[in-house]
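Chemist: Pasting the feature list from TrEMBL:
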DOMAIN    25-113  domain 'Rhodanese'
REPEAT    141-173  repeat 'ANK'
REPEAT    174-206  repeat 'ANK'
REPEAT    207-239  repeat 'ANK'
Amino acid sequence: MSPSPTPSSGLIRLAPDEVQAHLAQRPAALVLDARDEQAHARSHWPGSVRLDGRNHERLLMREARDRPVFLYCHHGNASQTYGGMFVDFGFTDVADLVGGWTAWEQARTPAAPARPVPDALARWLEAEGFDATAPERPGRHGNTPLMHAAWRGQHHRVDELLDLGVSLEAVNGDGNNALWLACVHGEPGLIRALVGRGVPIDHQNAAGASCLMYAASAGKPQVVETLLALGANPRLTSQDDWTALDMAASIECLQLLRSPA
């Protein structure tokens, strides 16, 4: 596959095996990481700058328009959004990573032998509109089977999928992970189970919103209390510079969020 600009934006989309050669020809490139703080802390491209939802405006204004820019995120969604901003602002050499950091890591890691999908789970996947042979493959709205099971509050299916080793960091088209969908359902036990298995609690979506921000804005005090008890960070800010406290839609949520401060 040859790198080529996206017709609508001029953004160059790179497959994982094209990135190193691309950057080798651009040693002064500005490398931008559009993932959350925890993911960046675990692993990142050397010399990359993390986009925190606010500093992109400063970079757009400050950097020379002819400086090459390379962006990556979790799955290649947010990087397209940010990449389009740089193209629209007049930057002439902007690229992002197709499939994001997840695809990059998969390309570098030998594939583990696939675990067989249990018959009952395969039937459930098919009935819910998913590929019964690929339990990580997204379905409608970009939701994975794990997200769907979390949204439905189906503990047993969540456990089965996690036991198969599905990605804990997968996000949908809005940048939301399985924990967000569990918070929509609202059952504390499921939220605790997902966090206990390693689903990132402070992941922020394409708008910079965390699960705690969602729960506060939706007026879900039980979910807010559960997330805080599990260690969710109440001081994270969205792209609009709002915290979960700023978004609190009920007195109960407001009181819970004031306590940690």
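Glycine is no exception: its Cβ is also placed from the backbone N, Cα and C atoms.
No curator has checked TrEMBL annotations; they are predicted automatically.
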Chemist: Using a Cβ cut-off under 8 Å, which residues of the same chain at least 6 positions beyond either end of the repeat 'ANK' (174-206) come close to it?
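Modeler: Answer is 36-39, 53, 74, 77-78, 81, 142-144, 146-148, 150-153, 155, 158-159, 162, 168, 212, 214-215, 218, 220, 222-223, 225-227, 230-233, 236, 238.
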Chemist: Given the model, what does the mean pLDDT over the repeat 'ANK' (174-206) come out as?
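Modeler: The predicted confidence over the repeat 'ANK' (174-206), as a mean pLDDT, is 93.
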